[in-house]
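A.B. asks: Okay, here's the structure, questions in a sec.
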Amino acid sequence: MKKKLFGTDGVRGVANIYPMTTEIAMQLGRAAAHIFKKDHTRRHRIVIGKDTRLSGYMIENALVAGICSMGVDVLLVGPLPTPGIAFITSSMRADAGVVISASHNPYQDNGIKFFSADGFKLPDTTELEIEKLIFGNEIDSLRPVADEVGKAFRMDDAGGRYIVFLKNSFPQDLDLNGLKIVLDCANGAAYKVAPAVLEELGAEVVTLGVKPNGSNINAGCGSLYPESLAKAVKEHGAHLGMALDGDADRVIFVDEQGQEVDGDQIMAICSLDMMKQGKLAHNTLVSTVMSNMGLDIALRNAGGQVVKTAVGDRYVVEEMRRGGYNLGGEQSGHMIFLDYNTTGDGMVSALQLLAIMQRTGKPLSELAGVMTALPQVLINVRVASRQDINIVPEIARTVKAVEEKLADTGRVLIRYSGTEPLLRIMLEGQDEAEITGLAQEIADVIERHLGVRTKEQ
């Protein structure tokens, strides 16, 4: 059955426009609260956290009303990274967690996603169950009487608990003394906790994006804008820079020379180091089809392997749990270290990389050399609808011709974004000029038929 509200990462849209309205938020709260009430012999509670978007306040209030109306209590943790909410949900033995965030999207957008009691994202079956209640006629009859409604409580120490958790993921015999780090928090959920963690471990921290005002989240800052980070690293003579996104579930780095180090390179560094220590489960890394072929080559040369999934960190986690793997992630900077957390965690990922730097004494530029990336070009086409490109003859012919031209020296990957109205065209090959021209050729044809193109660097 096709979902009506949930996408690849919860429910998402422009705030105050369907489906990201207070009415839908309240209905989501009601339906989820009913489903997560496993029995009626105890009080149930759901954790709610958010990022720094202005619309987070109204959505939070609507969710609280819906959840409490079904007889479930709420723990409000305020602005906290998405992985922090997953951690609090599990550690507080809550029945579920809710994140109000649109991750790396601009402030006008917002979203609602759920974690189950164990801190993992919901399976499709549970999301469909929630939607069935929302669009059915049953839920009104399930409401409890007045003396059984839930209460909302503020949890003032959630940030402190998450800081301790993060520090405990860093080796006890190491510290960050002597490291100068430029940290960009994207004016998002990590603006308090991330600097505190690095400073408490001994680093000298230069902060960017730590003054949220409700409308500046991800605005020219964070993991999608490494240029400003690179500039700051050079200006301050830092050893490296790291940038989180709005909900801090992803991270990218800039080395001491100002060169970007993306998720593929971070995974290569960490997985090869874990293999040397015998800590990479089954000598296997899980990544998505968007990852660079250079990552596969690096792992294969070291005696490991890469297992590929569809795009989306939830699919990476599902494969990791299915196969018993402990490291996976995406080129975008989502990385999951299942030994520590249940979802992508930018700070956990950063601390694992920083530990390798401190233990080996090598600069990030040298560590990144373990992987040689093949040239990749990514072009986005904004579309009005998700039409099957294979049924548009001119598009299908163009794509086939490009694939035949690349043959075994590269690949073409075209997919719709799971969170935005974009068709992503990715080409990979040995000659950057050639694949740039070929990607442009495909994009021009798609633009004529389906939408407006914007280029992503």
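Cβ atoms here come from the backbone N, Cα and C positions, even for glycine.
So Swiss-Prot lists these for the protein:
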ACT_SITE  SER103  active site, phosphoserine intermediate
BINDING   SER103, ASP245, ASP247, ASP249  Mg(2+) binding site
MOD_RES   SER103  phosphoserine
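I'd like these features described in context: how deep, what's nearby, how far apart.
C.D. replies: Listed in sequence order, the residues of the same chain lying 6 or more apart from SER103 (active site, phosphoserine intermediate) and placing their CB within less than 8 Å of its CB are ASP9, THR82, GLY111, ASP245, GLY246, ASP247, ASP249, ARG250, THR419.
With a 10 A radius on its CB, ASP245 (Mg(2+) binding site) counts 34 other CB atoms from all the protein chains. The secondary structure of ASP245 (Mg(2+) binding site), as reduced to three states from DSSP, is coil rather than helix or strand.
According to DSSP, SER103 (active site, phosphoserine intermediate) sits in a coil region rather than a helix or strand.
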A.B. asks: Excluding SER103, ASP245, ASP247, ASP249 themselves, which residues in that chain have a Cβ inside 8 Å of the centre of the Cβ atoms defining the Mg(2+) site?
C.D. replies: ASP51, PRO81, THR82, SER101, HIS104, GLY188, ALA189, LEU244, GLY246, ALA248, ARG250, GLY344, GLY346
A.B. asks: Have a look around ASP247 (Mg(2+) binding site) and count the other CB atoms within 10 A of its CB, chains all included.
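C.D. replies: The answer is 35.
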